[in-house]
Number of protein chains: 2
Amino acid sequence: MSANTKTLKVALLGAGNVGSQVARILLTDASALAARTGARLELVGIAVRNVDAPREVEIPRELFTTDASALIRKADIVIELMGGLEPARTLILEAIEHGATVVTGNKALLAVDGPTLYEKADAAGVQLSYEAAVAGAIPILRPITDSLAGDKITRVMGIVNGTTNFILDAMDSTGAEFADALAEATRLGYAEADPTADVEGHDAAAKGAILASLAFHTRFALEDVHCEGITGVSAGDIAAAKEAGYVIKLLAIAEKISVPTGGQNNDDGGTFTTGVSVRVHPTLIPREHPLGAVRGAYNAVFVEAESAGELMFYGRGAGGSPTASAVMGDVVSAARRLVLGGPGRSDSTIEVLPVLGIDAVKTRYYIGMDAADQPGVLSKISALFAENGVSIETMRQTVHRERDASENGSAASAELRIVTHRASEAALAATVEAINGLDIINSVTSVLRVEGV
Amino acid sequence: MSANTKTLKVALLGAGNVGSQVARILLTDASALAARTGARLELVGIAVRNVDAPREVEIPRELFTTDASALIRKADIVIELMGGLEPARTLILEAIEHGATVVTGNKALLAVDGPTLYEKADAAGVQLSYEAAVAGAIPILRPITDSLAGDKITRVMGIVNGTTNFILDAMDSTGAEFADALAEATRLGYAEADPTADVEGHDAAAKGAILASLAFHTRFALEDVHCEGITGVSAGDIAAAKEAGYVIKLLAIAEKISVPTGGQNNDDGGTFTTGVSVRVHPTLIPREHPLGAVRGAYNAVFVEAESAGELMFYGRGAGGSPTASAVMGDVVSAARRLVLGGPGRSDSTIEVLPVLGIDAVKTRYYIGMDAADQPGVLSKISALFAENGVSIETMRQTVHRERDASENGSAASAELRIVTHRASEAALAATVEAINGLDIINSVTSVLRVEGV
């Protein structure tokens, strides 16, 4: 490195799981980073709540400070890895005002306040990068914004929460019930003590909103995302899916949809409006689908584009080192820009598409039900589907005969499993309601969406 | 678009499978491209050998010209999609001299002359992009050069040839022999009339050289790549691999290796040199490995990095539209840079690591052999492995008894399948030679490398 190499001052906010790994890379890989950026990246300080807290990585004590604002004013690049809404939001705004390049991995904040933060950064002419906020180590933001910039994305389906993928994968391999698989995930450190944000799909919804914003050049907020978690998925659902050649995954799905301009049910004419919907729910996908091979706590994002066809990006979605890799990719890009000038990873011009609700979505459905074993059950049920405009693709019936102490000698019940063609949420809900009203039906045991076929 | 929007003149060289799709996108998606780049991309001409040849896409006849040099002199961006070495090389050099940004998908040329072309482009201060040259539509160059710029890649394993993956996948699913699977691939258009470049691994080797250059910031040429094709893979190999939980894939593998500075066999002390080796060969990988799920003509690149861990990028490796998507990603990036100024997708500083040959590589091996069914065979063979310093991990013996018309009543042979621990090419070769010299061995039926375990 020549004597007149530029120095860029880097401030780190937070020294937790990810922050401490970012500090490690900045401190130990200094010469490789200098070779790749053309600048010396000097870690000028790390803002933490408690200077004396134990850390995973050995970091010189004099780097720690509790005064984040003072640290930000010294920095060319500010890396925010505190997580949570506050003080992260205030400190990012301070960094933008100060003119520093900001790198963050804070998906919760971006999902809630992303649009405001992007606008403030644009207005101030500073870069705000956030590769680490979606799917951890997996490079997904640059492929979407740069590599696919000449193509048109039609759909994105992501396994973006490692905890729920670990639980569903364990249920699939061992036949365990949800509660037992969750307990195992907690024991192994894949689930937090309070797993609500993961198992209810809130974390996946936040990442879905960010992914959708990128893929469709339209800004989404968390409340635009339809969200269902995995707490209702039973061992029986998993077993039935497996038997039919499917695997159940929690997917965040963002897709472009055309709906009749006059309203959702005005199917028979007029003009169409194109919008985007984002939803998170447990989904049946064929076992041989690329997303079906994503095991354990791994993440993957499956992208469909007009010219490229099907693409998938796979890797670790969480963890200190993997997430630090994504953060450092943003830091190196930011440093190259600061050294060489010019634009950065440019967001495409924002093309505001209407945000559509779950009622605009048509998917295939899987419906499991427990019926009486009587002649005519199949015809009654299929008539009900037809009346509600839902077309059946496959129907399987398994009869269980149980010995019974009653006078009748034996009772019998039939397990019915139906996969439909594409139907709207409303049509499906009406069908399920009507089925529940039949006296020959003991219960509807599961209603799940099917994708990837 | 405002009246003073900049116009960038685009010249296309070649209107084949990929070129005609690029022309289609430039002609039909003009307004979306303008929104994303901030410039109008004007297709000023398409250089072809025969103006009147039939095309897949309807293109105004006046765009065609046979004078490629004159066309280049009019252009801001030159897209080379002619393929082959000449006249592609000369025309790319003309474009560089003229100061135009160059986008190419020409892997054959880059594998042979990449280093020269990159240097000429650097010296002239123009951008040379080539995302389409590796793994078709899969965004891999930007993830490696930008997203992983703050990390250290240790290994890259790619399924980078769709024809051979289609053939091996067909052999795996149907039990077909190589010749039949190749005939099927030819019939379906997945293999060319002369499939040599694909089935002998030459195409994969060219892509491996480009991938390795990117991943390790070191420049490789085609002759640095050890290359074995799939023509020797038998239905028996596939079946034996399947039984043991493996699938056979043609992989291009580039990895960082430390070897004793004093020489390959100087294992017991001294200093070590780090270098990079690139090799292409049929490989056994566990069926549950992410690369194991890559079916049909799909491609995938599996990357191991120090912090990020394991990543995989999956998609279509060939075809007009998918490859055109990758070309257009480069064109949009190039246009943004020309509009906004500044650096482009920057190659990291080149860090010249030594290029290592196949003799520096240690892998696990799978060896299949046909032995006499006699007492003591296993102990003789395992002694031979030990003498040659190759450690056995698993050994399976299957005895086949066949009725025989001879006086002995029945003859018997044993099929032996051995998987070794990591061993050098030299140690393995010596072992196989020694085994072939045993009179109790009828034949060594296969020697294949094992990865991903």
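Glycine is no exception: its Cβ is also placed from the backbone N, Cα and C atoms.
Nobody curates TrEMBL annotations by hand; they come from automatic prediction.
Annotated features in TrEMBL:
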type	residues	note
BINDING	A:Leu13, A:Gly14, A:Ala15, A:Gly16, A:Asn17, A:Val18, A:Gly19, A:Ser20	NADP(+) binding site
BINDING	A:Lys107	NADPH binding site
BINDING	A:Glu192	L-homoserine binding site
ACT_SITE	A:Lys207	active site, proton donor
Seminar exercise, completed: Using a 10 Å radius on the Cβ of A:Val18 (NADP(+) binding site), the other Cβ atoms enclosed count 25
Seminar exercise, completed: Using a 10 Å radius on the Cβ of A:Gly16 (NADP(+) binding site), the other Cβ atoms enclosed count 15
For this session: Whole-number Å only: compute the distance from the Cα of A:Gly16 (NADP(+) binding site) to the Cα of A:Lys107 (NADPH binding site).
Result: 16
For this session: Going by DSSP, give the three-state secondary structure for A:Gly14 (NADP(+) binding site).
Result: coil
Exercise. Minimum Cβ neighbour count within 10 Å among the recorded positions A:Lys107, A:Lys207: which residue?
Worked result: A:Lys107
For this session: Sort the recorded positions A:Leu13, A:Asn17, A:Val18, A:Gly19, A:Lys207 by C-alpha distance from the residue listed as 'L-homoserine binding site' and give me just the closest.
Result: A:Asn17
Problem set entry | Candidates A:Gly14, A:Gly19: member of the binding-site residues with the richest Cβ shell (10 Å) | A:Gly19
Exercise. A:Lys107 (NADPH binding site): which of the recorded positions A:Asn17, A:Gly19, A:Lys207 is the nearest Cα neighbour?
Worked result: A:Lys207
Exercise. Can you check what DSSP calls A:Gly19 (NADP(+) binding site), collapsed to helix, strand or coil?
Worked result: helix
Problem set entry | Neighbours of A:Leu13, A:Gly14, A:Ala15, A:Gly16, A:Asn17, A:Val18, A:Gly19, A:Ser20 excl. site residues, C-beta within 8 Å of centre, NADP(+) | A:Leu12, A:Gln21, A:Val22, A:Ala23, A:Leu81, A:Met82
Seminar exercise, completed: Counting Cβ atoms within 10 Å of each Cβ, the densest environment among the binding-site residues A:Asn17, A:Ser20 belongs to A:Ser20
Exercise. Sorted by position, what residues of the same chain at least six away from A:Leu13 (NADP(+) binding site) have a C-beta under 8 A from it?
Worked result: A:Gly19, A:Ile46, A:Ala47, A:Ala68, A:Leu71, A:Ile72, A:Val78, A:Ile79, A:Glu80, A:Leu81, A:Met82, A:Ala88, A:Leu91
For this session: Give me the Cα-Cα distance between A:Ser20 (NADP(+) binding site) and A:Lys207 (active site, proton donor), rounded to a whole Å.
Result: 23
Problem set entry | Integer Å distance between the CA atoms belonging to the residue listed as 'active site, proton donor' and A:Asn17 (NADP(+) binding site) | 19
For this session: Provide, as an integer number of angstrom, the distance between the C-alpha atoms of A:Val18 (NADP(+) binding site) and A:Lys207 (active site, proton donor).
Result: 18
